[in-house]
Amino acid sequence: MDVEKFVENAIKEIRERVKDGKAIIALSGGVDSSVCTVLAHKALGDRLIPVFVDTGLMREGEPEKIKEIFGNMGLVFIDAKEEFFKALKGVTDPEEKRKVIGELFVRIFERVAEEHNAEYLIQGTIYPDIIESQGGIKSHHNVGGFPTSYKFKDVIEPLRELYKDEVREVARYLGLPKEISERMPFPGPGLAVRIVGEVTPEKVEIVRKANKIVEEELADYDKWQCFAALIGKATGVKGDVRVWGYIIAVRAVESRDGMTADPIKIDYDRLRRIALRITGEIDKVSRVVYDITPKPPATIEYE
């Protein structure tokens, strides 16, 4: 890929489609939305309004990190935790979850756009998002989960033809910090799709803590992605007392573009340490398993 040519064309496309108007951009802090934000900022300057929505479904410390990196671009920070938990109450179907989240994201963006007199939405959709949504594998919140009715004049997706490894190339070319350019993929719906079943504040806090432990313990492994997911409940024993606790699945894979993936081989002692830390540091977890399923037949994320 000719990265320089891509950047030049992406900036040109954004300018041509937004013209003299204003645009808001959905910023999550991931490499896709971060690259999109830098490209759009180069194209529009202060006519771009970056919006970060704190859904309550982010990893530990993520909202604070976003403020630190993008605060100088006029970042609009929206605390929508209560809205998201209310909207997800009672929802157990993964497709419905993604649609609920996609719908709420867009309605929040519409509110911000109205306040700033912006008519365009820019988002960091990449090619695998489109393939999986169109193929019926899973609806990505910014594609299949995107509502059919919205108030924007146009939705612009400059990265729609790129794979993740190509987006990383662009990030490096643009000089984004390594913590962004090499950041592990994180789903747009956040920790909601790392919880099988209904999403509750308690489950989110558990999976957030478990995710942090997994990332810490596997920091020295070469991987595409690693994370923890809450997948159900099982009987356990803590302090000679029976407990009915949560099951945490650990997932760690290698991949080039996310379309296929293989589980990485983790040293047994490391896996045991992860299990002991998660069950020891998180009261309501009774069991930890390591998922060794490749993609296909599994997807990388659980929902």
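Cβ coordinates are placed from backbone N, Cα and C, and glycine is handled just like the others.
Features as listed in Swiss-Prot:
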type    : residues                                        : note
DOMAIN  : 1-183                                           : domain 'GMPS ATP-PPase'
BINDING : SER28, GLY29, GLY30, VAL31, ASP32, SER33, SER34 : ATP binding site
Environment of SER28, GLY29, GLY30, VAL31, ASP32, SER33, SER34, the listed ATP site - residues of the same chain whose CB lies within 8 A of the CB centroid: LEU27, VAL35, CYS36, THR37, GLY124, ILE180, ARG183, PHE186
Set of same-chain residues at least 6 away whose C-beta sits under 8 angstroms from SER28 (ATP binding site): PHE52, ILE66, GLY124, PHE186, GLY188
Per-residue pLDDT averaged over the domain 'GMPS ATP-PPase' (1-183), given as an integer: 90
